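Just below is one structure, and these are the notes that go with it.
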Amino acid sequence: MDPIFVFEQLLNGLGFGLMLFLLAAGLTLVFGIMDTMNLAHGSLYMAGAYVAARVHEASGSFVGAVLVAVAATVLVAFVLELLIVKRLYARDHLAQVIATFGVILIADDAVKAIWGPSPVMATTPAALAGPVQLLPELPYPAYRLVLLAVGLLVAVGLYVLVNHTRVGMLVRAGASNRKMAEFMGVRVGRVFSFVFALGAALAALAGALMGPISAVQIGMGEAILIPALVVIVIGGIGSVRGAFVAALLVGLVDTAGRAFLPPLLRSVLPPALAADLGPAFAGIAMYVLMAAVLILKPAGLFPARA
Amino acid sequence: MLKLKNVAVSLALCGAVAAHAEPVKVGVALDISGPFATIGAETRDGLNLAVERLGSKLGGQPAEFIQQDFAGNPEQANQLVNRFLQRDKIDFFTGPVASNSALAVGPALFAAKVPFLSSNPGPSLFAGKQCSPYFFGVSYQNDTYDEAAGKVANEKGFKNMVLIAPNYPAGKDHIGGFKRLYKGTVKDEIYTKVGQIDYAAEIAQIRAAKPDAVFAFLPAAMGINFIKQYVGGGLKDIPLIAPGFTADQDVIEAVGEPTLGMLNTAHWAHDLKVPANVEFVEAFRKKYNGRYPTVYAAQAYDVVMAMDAAVREVGGKVADREAVIAALKKANFKSVRGEFKYGANNFPVQNYYLRVVDKDASGKLTNKLVGTVMEKHQDAYVGDCKQ
Amino acid sequence: MSDELHSAAIPSSGGVARWLPWALLVALALLPVVGAQLGLDYYVGFVRRMLIVMIAATSLNFILGYGGMAALGHAGFIGVGAYTVVALVDAGVSSAWTAWGAAVLVSGAFAALIGAVSLRTRGVYFLMITLAFAQMLYYLAVSLSAYGGDDGYGLYSPLELGAGRTTGDAALFFWVVLAIAALVFSFASRAAVSRFGHALTGIRDNETRMEALGYPVYRLKLAAFTGAGALAGLAGALLASHNNFVSPSTMHWTESATLLVMVVLGGLGRRWGAVLGVAVWLVLSEVLKLYTEYWHWPLGLMLIAVVFAAPRGLAGLFDDRSSA
C-alpha cells in the first residue's frame, strides 16, 4: 500500500481522535471530579457550534466567533450548574442520567425555537478554506491542521493545568478522594463550578471548531456524545490522560476500519459478502474496541480511582 | 390510571365531534424533529402554502389537514397512521420524508384503501413488486434521479468515477440507479456508516483513486458534512455529481460557498419556466422571507394540488375510493413541474433536469437550471408491478 | 452507585391493593369489546402497544430496580426478538407461538452471552458496555440487506394463533397480549419477593457482603440479566406482530434510553413502577404531540421535576400519600 496514503490516513485518524478528545476532556473531568454523568455535555457542544456559526456570519471574524461562543456557552453552563447540575452532585448516576437527558430534550427544542429546524451555515474562515501542500503528493486541508494543533494545545494545556498548578492539585484531590479533599478544607463547591465551566468551555470550543466541517443542526450533540462517551470509558473515567490516549485510539481504529477494512475484506471474501460486511464492521469498530478493552480492563485503560 | 383513561376518552370524543362536520380529512405525518427535520420543515412549508392558496379547501370542499410530527421514526409513523385511520378516519395521507417510514406505513393505508400521495420517497418496492393502486409517487421513483445523474456523467465524458453512499439499502439502490445508465468505469464504491460525521478517510480514498468525477448520495447531515470536508480537502477540482437532494437549497444554505458548481439532477427546478411554477415560486418566496423553495416544498405543494383536483373531479364524494384513485391517476392538475402522466405503477413518467449550484442576480447561492437530461423517463421497476 | 432511587417495594396494606390489579385486569379485558362499540379502535391498539412496552419495562425494572444493573442496551434485546420473528417469517414459519417462543430463546441466548461479558464491569462501565453491544446489533441490522436493512421489514400476513385465528384479529391479539403481560407482571412480582429476588436485592445493596455470605453473585446476576433479556425479546416479538413491521430504529440507543427513563420515572424496584412509568410517558408524549410541535421540552421538564421532587419515582408518590 502507498506509504503516503497510509500516512494520510494516520493523520486523519489523529485528527478525528483529537476532535473527540476536545469533547471527551470536559466530559471526563466533570465525571471524574464530580462523579457526575452529564449527558447535556453534547448540548453545550451544540450551543457552542450554533453561537459560533451565527457570530461568524454576522461579524466575519472566526476567532472572535469562537471566543464569543465559548463565553456564551460558559454562561449557559453557569446557569445550568446553578439550577440543576449542582443539585445532582450528591445523587446517583441514574438520577444524573435522567435529569440531564431531560436537559437535552429542553435544549433541542430551545435551539429549534431560536434558530429554526434547519441546519445553519458555518463557514470555514477564508484563509483556511483550501488545502496546503503537506508533501509533494499530499495536499491536506489547512483547517484540519489547525484542528490538530488546537487539539494538541488543549491536551498540553490540560496536562499542565492538572499536574502543575494549584487548581490542578485540588482537582486531582477531588477526583481521587472527594471526602478526603473536603476534610482537608478544599472548597469543593468552587472547584466543582470551575471544572464544570472548564468542561463547558472545552465543549463549546469543540463545537465551534467542528462547525465548519460538519452539519450545525439540532441533534448534533447527541450524535457525537456516544463516541465521546466511548472515549472516556475506554480511557478510564476521570482520567484526562486516559481520555487523550483513548481518543487517539478510537480515532485511529475508526479511520483504519473505514480505510483499510473494506479493501482487505474484498481481497479475501466474495464481493457481495464483503460489500455487506465491510462497512458494517467499520461502523462497529469503536464499539468492538470498547468491549475488548473493558473485558481486559473493566475500569478502562487508566482508572482514575482505586 | 383512571385519569389517563379519561384523557383518552375525551380525546376520542373530540375526534367524534369533528367527524360530524365532515370535511375532507388529510393525515400529514411530518418529520419536524429527527434526522430529516430540515426536509420535514420544507415539506410543511410547501404544503401550508398550497393549503393557504386553496383557502383550506380541497376541490371546493372544506378540508382539514391533520399535521403531526413523528420524529422520523418508522415505528412512530406506523402508530400515527393507525391513529389517522382509526380515530381521524382520514381520506388522504401524505408527509413522511424517508423511504423507511413510507414502507412502514404503506401496508396499513393500502389495506384501509386510503390513497397515499408521496411528497418525497419513491421506494422501489412500491414501484415494483409491492405496487398498490393506493400509492401515488407524486414526486419521483428513488432511482430516477441517479439514472439522470449517470446520464449526465456520460455526457460530460467522465470515464471513471468513485461512488459514495451510506451503507443501507437506499444507498445501494441509489448507487444501483446511477450504474444503470452510467457507461464509464466505476473505480470504487464506498459505503459509509449511517450518520457519519468525519469523512477524512473516504476523501483520502477518493484522492488516491484519482477519478474524473465523484457521485455522492448522502442525504441530510451526512451530505452537509461530506461536501464541507470534500472541498476543504482540496478535491474542488474533481466534480461532484449528485441526485438533487444532496445539493438542494437546504444543503446549499447550510454549506455555503463549497457547493458552488455542484451538478445535480432533479425533476423540478425553481427557475423552470412553467406558469404554475412561476406562480408557486413567487408565492413561496413572498411567504417565507425570500427563501428559494426546495424540491421537497415543490412536491408537497403538488401533492395538495393533486388532491384538490381529484376531490373536485369526484364532486367531493371522497368516500368513493375507486373514483378518487381514478381521478388521482389522471394527474389532471397544474403541477409545478409541468404536465406529466403516471405509469402503470402510479409513478410519474416525467422529465429530469440538470441543475448547477450558482449565484443568482443578488449573489445568493442557488440551483440554476442547465438543461433537460431525460424526457418522459419512466422508472425501471414498472415491469415488476402487476396491477 | 448509591441507592437513593432504589428501595424495596413496601408491601401495600389494605384490600385496595388486593383487588385493584384484578379490577384493572377486568377493565382492560373489556376494553376491546367496549372500544369496538364506541369506535375507540385506535385506543385499543394504543393500549395494546402500551402493554407490550410494559413487558419490556418490567424486565428492565427487574434487573435495574432489584438487581442494580443499569443497562443502556435493553432495546437491543427487543430488536433481537423482533428480528427473530422476521427471520422465521422470512423462512416460512406462520405460527405465532413458534415465532414468539423462538424470539424468547434467541434473545435469552444473546442476553446470556452479552451479560457474561458485560457483568465483569460495574456502574457506568456496565451502562456503556451494554450500550456498545446494542449499537453493534443496531449497525448489524442496518446493514442486513436480506431483512431490509434500514428500510425495515414488513410482515404482510398476520401470524397464526391457532384454531384458525390470527394476530390480525385485533381483539383476540389484545387479549393474548394482555394475558402475556399479566403473566409476566405477576411472574416478575413473585420473583422479586422470592429467595432469588432477595438475593438479587442483597447484591444490589452490598455485593461484597453477599459474596462473603457464599452467594454465587456473578451467576445470580447473569441469570437475572438473561431472564430480562429473554422477556425484552418477547416484547420485541409482540411489537413486531403489533406493528407488522420491524426496523433497526427499534434498537437505536435512544430507545434504550427512553425505556430507562420510563422505568426510573415510574419508580425503580417498585412493583408498579415500570407499568406506571410507561403509561405516563406514552400517554403524555401522545397527547403533547397533538397540540404542539415543541413536545420534547415538557417531557424534559417533567424528568427534571421527577428527579428532584420525586426521587423514588411516581410510584413513590403514591406510597407517601397512602402512608400520610
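Yeah, the Cβs are placed from backbone N, Cα and C, and that goes for glycine too.
Automated prediction, rather than curation, is the source of TrEMBL annotations.
As recorded in TrEMBL, the features of this protein are as follows:
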TRANSMEM  A:12-34  transmembrane segment
TRANSMEM  A:62-85  transmembrane segment
TRANSMEM  A:97-115  transmembrane segment
TRANSMEM  A:142-162  transmembrane segment
TRANSMEM  A:188-209  transmembrane segment
TRANSMEM  A:215-237  transmembrane segment
TRANSMEM  A:244-265  transmembrane segment
TRANSMEM  A:277-296  transmembrane segment
## Note on the structure
Spatial neighbours of the transmembrane segment (A:188-209) not adjacent in sequence (6+ beyond its ends, CB under 8 Å) are 19, 22-23, 25-27, 29-30, 33-34, 38, 41-42, 44-52, 65-66, 69-70, 72-74, 76-78, 80-81, 85-86, 89, 146-147, 150, 154, 167, 170-171, 174, 178, 181-182, 220-221
### Task
Using a Cβ-Cβ cut-off of under 8 Å, list the residues of the same chain that are 6+ residues beyond the ends of the transmembrane segment (A:12-34) and lie near it.
41-42, 44-45, 89, 144, 147-148, 150-152, 154-155, 158, 171, 174-175, 191-192, 195-196, 198-203, 205-206, 209-210, 224-225, 227-229, 231-232, 235, 237-240, 242-244, 246-256, 259, 304-305
### Query
Is the transmembrane segment (A:62-85) packed against any residues at least 6 beyond its ends, judged by a Cβ distance under 8 Å, and which are they?
36, 38, 40, 44, 47-49, 51-53, 55-56, 99-100, 103, 125, 192-193, 196-197, 199-201, 203-205, 207-209
### Query
Taking the transmembrane segment (A:244-265) as the reference, which of A:97-115, A:142-162, A:215-237 gives the largest number of Cβ pairs under 8 angstroms?
A:215-237
